[in-house]
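Over in TrEMBL, the protein carries these features:
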{"type": "ACT_SITE", "residues": "HIS341", "note": "active site"}
{"type": "DOMAIN", "residues": "263-355", "note": "domain 'Fido'"}
{"type": "CARBOHYD", "residues": "ASN253", "note": "N-linked glycosylation site"}
{"type": "REPEAT", "residues": "83-116", "note": "repeat 'TPR'"}
{"type": "SITE", "residues": "GLU212", "note": "site 'Important for autoinhibition of adenylyltransferase activity'"}
Amino acid sequence: MRVVNALVFVFLWFVIFVTVPSSWFADVFPNFVYLYKEAAMAKYMSHEVAVYLPSPEVAEAPGNDWPVVRSVVDPSLAPESEALAVMQAARQFVEMGKYDKASKLFEHAFLMHPRHPDILTEYGLFTEKIRGDVVKANLMYCRALIYNPEHSRAILHKGRTQPLVQEVDAEMLRILDNDRIRFLGIPRGSSGLSRAMREAYFSHIYHTVAMEGNTMSLMQTRSLLETRLAIGGKSLLEHNEILGMDAALKYLNMSLVNRIGLITVDDILEIHRRVYGFVDPVEAGHFRRHQVYVGGFEPTPPGDIEKEMTALIDWLNLETTMNIHPVELAALLHYKFVIVHPFVDGWLSACCYSR
């Protein structure tokens with residue numbers, strides 16, 4: 001009996017494959033499987049997972065009785081629509097009190113569409129109200145206003161959180177100022193201070209060249225600077241980058257730090273000449289002569305670099321600029337320097353030392 005049933009089953013499938021047009025399988029069968037899977041998932045999986053399932057519009061296919069699933073999403077807007085759908089799912093989880101799942105969905109929506117002002121604003125509200133991180137929330141509101149300066153909700157929430165963020169920043173700067181006062185109170189002849197400053201020197205060079213892609217470890221960096229002996233398995237370029245950082249720091253400590261007067265464009269060029277002199281003596285100490293691109297960002301054209309750098313140094317020497325807290329001033333200077341991107345390479349290290 002089982003053999004007969006099996007033969008009948010095989011025969012029926014053979015008749016279907018031979019007699020039914022292939023377009024039926026192309027149009028209807030995948031949608032049948034989709035509907036079956038959706039029903040099965042809704043039946044056997046929890047509500048937390050079922051909320052991820054889409055709600056497609058079911059339309060009747062002409063000429064047959066099989067339901068065909070038609071997406072109501074414009075393919076050209078699919079990424080934005082999907083990101084907004086994920087954001088709505090995250091809001092549902094917030095209403096249910098399931099904040100961990102909501103956090104993951106908000107993060108996913110942000111990664112899918114990091115420039116959408118609605119997503120940025122909603123993510124900021126979640127971060128502020130649920131996570132209690134006002135600083136990050138304010139950052140999200142600011143980003144939303146970058147992409148849509150007239151976004152009313154982002155304007156409202158940014159204006160509300162900005163004073164709180166300023167209070168947080170002021171407290172952090174106050175702590176740094178107190179630590180600086182305590183540091184200056186340590187006797188200069190202290191052996192512990194000398195050892196700590198030496199380790200900080202090596203650490204600063206190590207982290208600076210690491211930003212440029214140098215693969216030497218902290219121990220290898222210290223060994224090279226102390227012994228001037230080559231490190232096995234490392235390229236000549238990586239050795240020269242570290243030696244250039246060392247030369248630039250010594251130039252700062254022995255000349256610019258104790259010099260009386262204003263900072264000039266030549267000072268920046270001298271820093272770069274030492275930073276990059278061991279790597280490329282021809283380009284070291286000179287502004288770039290051709291256009292460069294950093295991802296989707298296009299820095300200042302080569303013909304305008306000298307003018308922009310002169311304006312930057314003039315701003316830096318203003319009395320009002322000097323009244324800015326050193327930490328804030330370093331951040332602003334770094335930002336303005338990166339926008340100009342004055343050198344072909346080694347500009348990031350020169351920027352760090354310019355601060």
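The backbone N, Cα and C atoms fix where each Cβ goes, glycine too.
Where the annotation comes from TrEMBL, it is an automatic prediction and has not been curated.
Locations of recorded TrEMBL features on the structure.
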| residue | record | Cβ neighbours (10 Å) |
| --- | --- | --- |
| GLU212 | site 'Important for autoinhibition of adenylyltransferase activity' | 16 |
| ASN253 | N-linked glycosylation site | 11 |
| HIS341 | active site | 22 |
May I ask you to report the DSSP-based helix, strand or coil state of GLU212 (site 'Important for autoinhibition of adenylyltransferase activity')?
coil
Rounded Cα separation (Å) that holds between HIS341 (active site) and GLU212 (site 'Important for autoinhibition of adenylyltransferase activity'):
14
In the domain 'Fido' (263-355), how many residues does DSSP put in helix, strand and coil?
54 helix, 2 strand, 37 coil
Return only the integer: C-alpha distance in Å from GLU212 (site 'Important for autoinhibition of adenylyltransferase activity') to the residue listed as 'N-linked glycosylation site'.
22
